[in-house]
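What Swiss-Prot annotates here:
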- Ala15, Asp34, Cys45, Ala46, Gly48, Arg97, Ala121, Asp276, Gly288: FAD binding site (BINDING)
Amino acid sequence: MSWKYDVVVVGAGIAGPIVARNVARAGFSVLLIDKKWAIGTPKQCAEGISIKVFEKYDIPYDKRFINREIYGAKLYSPSGYELEMRYKDVSGVILERKVFDKMLAYYAAKAGADVLARTEALDVIRKDGKVVGIKAKHEDEPIEIYADVIVAADGVESTIARKAGINTYAPPHEFDSSYEYEMLIEGFDPDLIHLWFGNEIAPRGYVWVFPKDEDRANVGIGINSDNPQTAKYYLDKWLKENNIPAKKLLEINVGVVPVGGFVKELVKNNVLVVGDAARQVNPMHGGGMAEAMEAGTIASKWIVKALEEENLSLLQNYTKEWWETDGKRLEKVLKVRRVTEKLTDEDLDLFIQVLSGADAEKIAGGDYGEVIKALLKHPKVLMSKRRLSLLKSLL
């Protein structure tokens with residue numbers, strides 16, 4: 001069995017449905033496929049996202065996939081110093097990813113795209129040396145899907161990007177391992193997300209509590225994947241040390257997060273790679289939903305232009321525009337990440353004491369120049385050659 005579309009999108013996480021919806025809206029035939037039996041499961045995410053994405057990426061603010069509105073964040077240092085960022089208005093939400101992802105695919109379908117769950121991409125189809133489609137299986141039946149443009153939105157492992165000749169390789173140390181419980185938990189302000197830092201708490205990462213209800217939250221951890229201990233070990237250790245019983249677990253999720261850099265060439269002829277498949281993730285906190293939406297938006301713009309003008313070479317502009325915009329920002333964030341990996345617990349204590357909430361937000365977003373300059377004037381920074389050197393490396 002074979003089908004023909006203008007565009008086939010492999011993967012219905014975040015980036016894939018955004019691309020499929022936008023291209024279908026422009027009047028082109030699109031097929032969005034996902035290997036899972038139910039789009040959106042299992043989740044591999046803490047489910048928090050900025051309130052700004054709904055308007056920016058034209059996504060309905062639908063209470064069906066919003067668990068809780070969030071008004072800020074609270075950061076905790078290794079010794080227990082706290083930094084709170086609290087806003088009058090809603091700053092973010094905790095999603096229900098199992099519903100959210102499915103609704104993104106629904107919006108793509110409503111825009112005109114065909115959507116098929118339980119359809120796994122296996123390989124690319126080549127003709128005269130060019131990629132002309134993909135081999136897949138739909139409900140265990142082999143199919144061939146021919147398309148002018150193929151979009152690899154198939155996650156960190158990205159079979160299709162690799163098969164098409166896009167270099168997506170990254171060494172193991174450029175990934176973090178995550179482990180998360182959705183569980184009943186009390187004693188934390190449910191209007192804030194909570195983050196704990198420390199080299200003994202979460203090496204190269206942090207522990208999070210993202211409230212989904214008054215007494216229910218995603219409680220998870222991210223650590224360097226080459227750590228001799230597992231993420232589960234550190235999370236269970238943190239729960240025990242904080243006298244938090246782990247006896248009311250509603251869901252357990254594990255994941256791998258690319259945090260060490262981004263795929264350089266995002267296009268190979270008529271094949272594009274987006275989202276986690278392109279490692280388009282904020283390396284500071286490991287979140288990638290907003291980044292996937294941005295990449296999907298840029299990619300879909302150039303797909304539409306290339307198809308309208310019947311000039312697939314225009315697809316190369318996706319790589320160019322992404323690196324000039326979000327890629328440039330994320331490279332700055334990666335620079336911060338690499339510095340934070342060298343911080344001692346004493347450093348983390350100091351910075352959480354002296355930074356304001358606005359400062360912390362700027363650093364996490366890559367807009368840190370003025371904040372670093374101010375820190376360089378702090379007496380405890382001036383007295384340490386090592387701290388001075390680390391901070392100056394960011395300027």
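Placement of Cβ uses the backbone N, Cα and C atoms for every residue, glycine included.
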In sequence order, which same-chain residues at least six apart have a C-beta under 8 angstroms from Ala15 (FAD binding site)?
Ala153, Val274, Gly275, Asp276, Ala277, Gln280, Ala292, Met293, Ala295, Gly296, Ala299
Check the binding-site residues Gly48, Gly288 for other C-beta atoms within 10 angstroms of each C-beta and report the one with the most.
Gly288
Maximal Cα-Cα distance (Å) across residues annotated as binding FAD, namely Ala15, Asp34, Cys45, Ala46, Gly48, Arg97, Ala121, Asp276, Gly288:
29
Through the lens of DSSP with three states only, how would you label Ala121 (FAD binding site)?
strand
